[in-house]
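Pulled from TrEMBL:
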{"type": "TRANSMEM", "residues": "24-44", "note": "transmembrane segment"}
{"type": "TRANSMEM", "residues": "50-73", "note": "transmembrane segment"}
{"type": "TRANSMEM", "residues": "104-127", "note": "transmembrane segment"}
{"type": "TRANSMEM", "residues": "134-157", "note": "transmembrane segment"}
{"type": "TRANSMEM", "residues": "177-199", "note": "transmembrane segment"}
{"type": "TRANSMEM", "residues": "233-252", "note": "transmembrane segment"}
{"type": "TRANSMEM", "residues": "258-276", "note": "transmembrane segment"}
{"type": "TRANSMEM", "residues": "283-301", "note": "transmembrane segment"}
{"type": "TRANSMEM", "residues": "313-334", "note": "transmembrane segment"}
Amino acid sequence: MELSTSVSNESEVKSKKKQLKWRWEYFLILLLISEFIVFGLLNPRFLNPVVFLGSINDFMPICIISLAVTFVMITGGIDIQAGSIVGLTSISIGLLWQEMGINIWLACLVGIVIGAISGLFSGALIANTDVQPMVITLGGSFLFSGIALAITSVSSVESYKGISGFPEAFNQLFRGSLLGIPNQVWLFVFLIAISYVLLHKTQYGRKIFLIGVNRNAAEYSGIKTNRIIMSTYMLSGISAAIAGIILTGYLGTAKADFGKELTLPIITAVVLGGTLNTGGKGHIMGTALASVVIGIMRFGLSMSGVNTQYLDIPVGILLILSLIIRSFIDGGLVKQVINKIKIKKEN
């Protein structure tokens, strides 16, 4: 009888937690709708389809990288080096194409390999040492930014000008649209689908969650935790490389400093999307919604007359608030629900 009651309690608690998860995603949707209303009132041009669709390309790199960083943070890690990999990839592509005469598409493939190796390097250090992920990825950020500047300085390229003159087909791929929707959005939707299946529908994804909940228990159960952790950072590096390719094609220029301002919006998107900063919990759809919320917020504020150098202030505030709210929900509200269920069953 007690066992039956215990199972029933556990089932109800899980049901409540699921409801809370959906409520959080509904909250993000409401926040998104609120942004359209507020920014539309502040500047009617914000609701102009041409203006709005044109602006989406500006924040797609944040959205794309956030998806992969979700994998990292669910394991209990963090990746603050993704922005530097964006710049490293961009300038590498430019130099391979201009200085070495390599086909632009082959150069992009090499850029993705560079991103993967960069992420794997940091992931290997994190997985095999006791050093905190934040420290290693901070070091990686300086390392990869330094490499990007170093290879620029030894070439004939002036760092402040960058490299331009890429083939029109390459530029148009990231500036163009299909059925009136920017190509970058189609790529984002495709990556959402891939990430969702990988994280929520495969054994690999389950292992990521288990590592985030309890790494030692995951190891005892036979999971090769080091490999999984390394792979998540490699995915993050690949996503940063893709973002670097997108920025290079969209702006028509390759620069070593691309991505330097992306770190805060990326981390905020992942946390706002419902991923615990301690690991073990997160959802791709939450991250996708949150990244769009942040992108639209930055665009709306800039259209409302806010100087671009101040756009990180509201993003920082949003990060702090999301941490506080998630802490309340996961640590306080759920416990209250559990206690209420227990009291009802006892009575």
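Glycine is treated like the rest: Cβ placed from N, Cα and C.
Of the Cβ pairs linking the transmembrane segment (233-252) with the transmembrane segment (24-44) and spaced 6 or more residues apart, fewer than 3 are under 8 Å, so the two regions do not touch.
Highest Cβ pair count under 8 Å relative to the transmembrane segment (177-199), across stretches 50-73, 134-157, 258-276: 50-73. Here the transmembrane segment (283-301) does not touch the transmembrane segment (134-157). Their Cβ atoms form fewer than 3 pairs under 8 Å, with each pair 6 or more residues apart. Residues 78-81, 83-85, 87-88, 90-92, 94-95, 98-99, 118, 121-122, 125-126, 163, 256-257, 260, 263 of the same chain sit 6 or more residues outside the transmembrane segment (134-157) yet have a Cβ under 8 Å from a Cβ within it. Counting only same-chain residues 6+ beyond the ends of the transmembrane segment (24-44), those with a CB under 8 A from a CB of the stretch are 272-274, 283, 285-286, 289-290, 292-293, 296-297, 300-301, 303-304, 326, 329.
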